[in-house]
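Participant: Here it is, the structure, as structure tokens.
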Amino acid sequence: MARPGQRWLSKWLVAMVVLTLCRLATPLAKNLEPVSWSSLNPKFLSGKGLVIYPKIGDKLDIICPRAEAGRPYEYYKLYLVRPEQAAACSTVLDPNVLVTCNKPQQEIRFTIKFQEFSPNYMGLEFKKYHDYYITSTSNGSLEGLENREGGVCRTRTMKIVMKVGQDPNAVTPEQLTTSRPSKESDNTVKTATQAPGRGSQGDSDGKHETVNQQEKSGPGAGGSGSGDTDSFFNSKVALFAAVGAGCVIFLLIIIFLTVLLLKLRKRHRKHTQQRAAALSLSTLASPKGDSGTAGTEPSDIIIPLRTTENNYCPHYEKVSGDYGHPVYIVQEMPPQSPANIYYKV
């Protein structure tokens, strides 16, 4: 039979294993490579900008570098814009300012956390399989900081395209354009930001027809694989939520069983003590063997004697009356000569 300490140790080990499995089941977030918002950054490709593929839980730092000796400081105001605004390089309507690069003496760092639900009312929230755009319509000078049209978005294609939850190796940009016809805004941006040397409209139609044929060709097609990937990632959120809820329920059950076990053990110990007390009292009430009553049962009760004054005899002490008839212990007293005895002559 295992000791109580060993049982407690085994329960805690099981709980720690379950918590470790729950922790390993959650996706591992990572910090993406920081982006320096400068016209000298070679990552901003002409006609495309910078395209990244973050996942839910990742973090991205956008850095406004400090002024360097011999170079003028670049002033920018960064916006989170809609696809049509990124295509037109316009932030006139409903601008969402993220950060302002206007402090030459220090480096400004703005961190974006890709999360589906933000605890902050003004926090950013992102959805899987959606595209988000960051750009600036400033021209780099202090006078052009508040520009709402053109700027480095148009002259240097300084924009960040964030494809949340998407795999860069799964499908090509052309397949994304044809496989998601409901996202008209995304299609508009992709068409507007194509390089000038892409080819004619006929070539583009031919590519669309090829992609549509691949989508209809069966389970091995790219469109079917994309759908399977979408359903898999959509089910991961529900899976993680179910695992977390299961861990909480398991811990609550362990706590409940522990409290119940302690109560049962306490009640059992109380009953054992009561039975032991009753047995000791019955033993004390049994007469001695040399008094000529060897055949008397141990359960015989000594009846208290009363004096003529209707008082209990002081030589008898009551032990207990909670379990039946009162039991008294006879105190052995030395014989005394009676005080008031009259003899008839």
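The backbone N, Cα and C atoms fix where each Cβ goes, and this holds for glycine too.
Pulled these features from Swiss-Prot for this protein:
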type     : residues     : note
SIGNAL   : 1-24         : signal peptide
TOPO_DOM : 25-236       : topological domain 'Extracellular'
DOMAIN   : 30-164       : domain 'Ephrin RBD'
DISULFID : Cys64-Cys101 : disulfide bond
DISULFID : Cys89-Cys153 : disulfide bond
REGION   : 169-227      : region 'Disordered'
TRANSMEM : 237-257      : transmembrane segment
TOPO_DOM : 258-345      : topological domain 'Cytoplasmic'
MOTIF    : 259-272      : motif 'Nuclear localization signal'
REGION   : 262-293      : region 'Interaction with ZHX2'
MOD_RES  : Ser280       : phosphoserine
MOD_RES  : Ser286       : phosphoserine
Participant: For the motif 'Nuclear localization signal' (259-272), what are the DSSP-based totals of helix, strand and coil residues?
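Facilitator: Output for the motif 'Nuclear localization signal' (259-272) reads 14 helix, 0 strand, 0 coil.
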Participant: My understanding is the cutoff is Cβ-Cβ under 8 Å with a sequence separation of 6 or more in the same chain; which residues meet that for Cys64 (disulfide bond)?
Facilitator: Trp37, Tyr76, Val99, Cys101, Lys103, Glu107, Ile108, Arg109, Phe110
Participant: Determine the most Cβ-crowded residue among the disulfide-bonded residues Cys89, Cys101, Cys153, using a 10 Å radius around each Cβ and all protein chains in the structure.
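Facilitator: Sorting the candidates by Cβ neighbours within 10 Å, the top entry is Cys153.
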Participant: Helix, strand or coil for Cys153 (disulfide bond)? Use DSSP.
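Facilitator: DSSP call for Cys153 (disulfide bond): helix.
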Participant: In the three-state scheme derived from DSSP, which category covers Cys89 (disulfide bond)?
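Facilitator: DSSP assigns Cys89 (disulfide bond) to coil.
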Participant: Which residue counts does DSSP give the domain 'Ephrin RBD' (30-164) for helix, strand and coil?
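Facilitator: Going by DSSP assignments, the domain 'Ephrin RBD' (30-164) contains 10 helix, 48 strand, 77 coil.
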